[in-house]
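Enquirer: Handing you a structure now.
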Amino acid sequence: ALSLRRSRGGGGRGGGEGRYTGTGGYRRGSADLDSTWYDGAPAGLSAEDGALHDAVTQAALGGEHQKVLRLAHKWDQAGLPPDAAIGWATVKAAAARGVWEVGAAMLNDLESAGVPLTPHHFECVLRACDRKARWQEALALLGRMQAASLRPTSAALECALRACSKADQQEMVEAVWEVLRAEVANPSAPLRPPMRTYNTLMRALSGGIGPKRVDGARRRGAEQVLLAFDEAVRLRLTLDETAYKHALRACDLLGEWRRALDLLDESRAAGAPADVLSYGNAMSACARNGRVGNVLQLLDKMRADGLQPNAFCYNSALIACTRASRLPQALSILREMEGEGGVEPTTHSYAALLRACSGAGDWRTAVQLLRRMERLELKAEAVHHGLAISQPVTQECGHSLPQAEAVHYGLAINACSRGGEDGKIMSLLREMQGMGLHPDVATFTTALSVCAANNQLPRALSLIERMYSLEVAPDVATYNVLLQACDRAAKHTEMVGLVQSMPKLGVEPNVVNYNTAIRALGRAGDLKRVAEMFSMMRSRGLEPEVSTFRAAINGTCDAAVAGLLELDAPLGRLREMRELGLQPDVAIQHSLLSAAAADPQRHAAVESELGVDAEAVMAAAAEAHDRRGAGRGRGWRGRGGR
């Protein structure tokens, strides 16, 4: 406890006559002063100064914090140095009013006046820093305490954690956590924090898993929350409902479904039963892993606990079905949601269903769901974290997040693409544009694929212009589809120009883009431009990979079979890649052997140069074709020469 009997002789405004000897002040055991007490004003004050001193202490006792600050300022203006009572009352008032500057200044004045400072003085100023999110000042106060050999209280550390969290300073939250760990591990007198301290820590760490964080940072934040939870367990703190909520949210983000289920059981055993949100987090963790059975069991369990599943819970079940490719079961859950559950589906519910349709290539159901949304007048809302988790949406070129309807149309278009409904894709694209909805880059890329597949280069170029007019930035995948459209239209000059222009348009070509161009040019027998592509690639800091040589060799082998080139061209690329330490894979070996098949003597020479058994290569190629090529519709070598 603070000793507030410190006396100070002389000074004051009066001096000499009429010394104040008042007896008013704080009572022993005052809760407002944390067990400190005051027996009266210091001796040697004038009557006026003594009355002011007593007024400060009485205002503090009455919780009149603004009055304390006003009277303390008057005391300071009179040139009176602070004593322990004035100082304590001031820092308490500063904490209550959030005026950290006043509290920090009083600490300096008390120190200058020789008044001993305690951890509780610092705790008060830290409370003020907490209220105003002054994280730098809070950390400085902790450092000052350490320099003065004063140990922070649990409450002081909580204030520092909150101040750093409010200012979005996750690294500093972890720095305060290290201080907490050091205090808990102190060998002479370990700190025994309450569960509240670790709940504050987990809440601060949870700031790192917000929807605005990048995925890597969110995962790390969730991992840190679980580490803090485990520390609380090791310290044998009494875990409460708040602690389990933080841990379950972290499990949700990390997809740790087994631990989430264990935590639900533990919370029940600890007398802190889960609420709807906690069940929802556990279901979401299961949904991330496609654990449909576990999600449905949790739905039944929460009903048995008297809890009504909300949209978040049902959406988790829908997402689980999507991950497990169970479209019929997802549709059944939708019916249950609307019927027995009495919960209206949200835009995110339909997004999950449309993803299931997309995965199954069920374009008819996808279009029916879109029409149903229109009938229900289910309008767009801001895309919140549930939709961002299931399908991340980026904010590009100054646009806000895409409308929910645009996302749904994009999923329906993807379902049509998987179902081979090219005509329906363009119809939906026109429909959504007619509604004023802006397709995202993935939707445009899907539509471009239709143009490429149907040899409609002019329409593809028109779509690219439309993208730029809507400020939807094409990416490397978009340009790769456009390169394929140029290939199908035999526009090889335009293809080379497109690759050259990509950096100027803000998209750096990647290996796949170069491979697509190299294979197309090789198939056309244009060895000069193939060489230019290799040179351009290297000039942009990209070294050719096995896939690049595969594209060149496969393309020139096709040209050799068509009589456009001699087989020496692809064999030259084979030797070049070996000089670079790269070895031909089965696809390359198969192309070379197939190209030489018409000439037994040449076939034997190629087999010898490759150093392989031709029959074994053909068998391996057939196996690869069965394993990877079925249903792709583009031959077993895959897209872009990859």
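If you go along the chain as it appears here, the first residue is 1 and each next one adds 1.
Positions of Cβ are set from backbone N, Cα and C atoms, glycine also.
Here's the feature list from TrEMBL:
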REGION    1-27  region 'Disordered'
COMPBIAS  9-27  compositional bias 'Gly residues'
DOMAIN    92-182  domain 'Pentatricopeptide repeat-containing protein-mitochondrial'
REPEAT    118-152  repeat 'PPR'
DOMAIN    242-379  domain 'PROP1-like PPR'
REPEAT    275-309  repeat 'PPR'
REPEAT    310-344  repeat 'PPR'
REPEAT    346-380  repeat 'PPR'
REPEAT    405-439  repeat 'PPR'
REPEAT    440-474  repeat 'PPR'
REPEAT    475-509  repeat 'PPR'
REPEAT    510-544  repeat 'PPR'
REGION    623-642  region 'Disordered'
COMPBIAS  630-642  compositional bias 'Basic residues'
Enquirer: Averaged over the repeat 'PPR' (346-380), what pLDDT does the prediction give?
Expert: 72
Enquirer: Hey, which bits of the same chain come close to the repeat 'PPR' (475-509), Cβ under 8 Å, at least six residues off its ends?
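Expert: Counting only partners 6 or more residues beyond its ends, the repeat 'PPR' (475-509) has Cβ contacts under 8 Å with 441, 444-445, 448-449, 451-453, 455-457, 460-461, 464, 467, 516-517, 520-521, 523-524, 526, 529, 532-533, 536-537, 540, 639-640.
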Enquirer: List the helix, strand and coil residue totals of the domain 'PROP1-like PPR' (242-379) as derived from DSSP.
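Expert: Taking the domain 'PROP1-like PPR' (242-379) as a whole: 104 helix, 0 strand, 34 coil.
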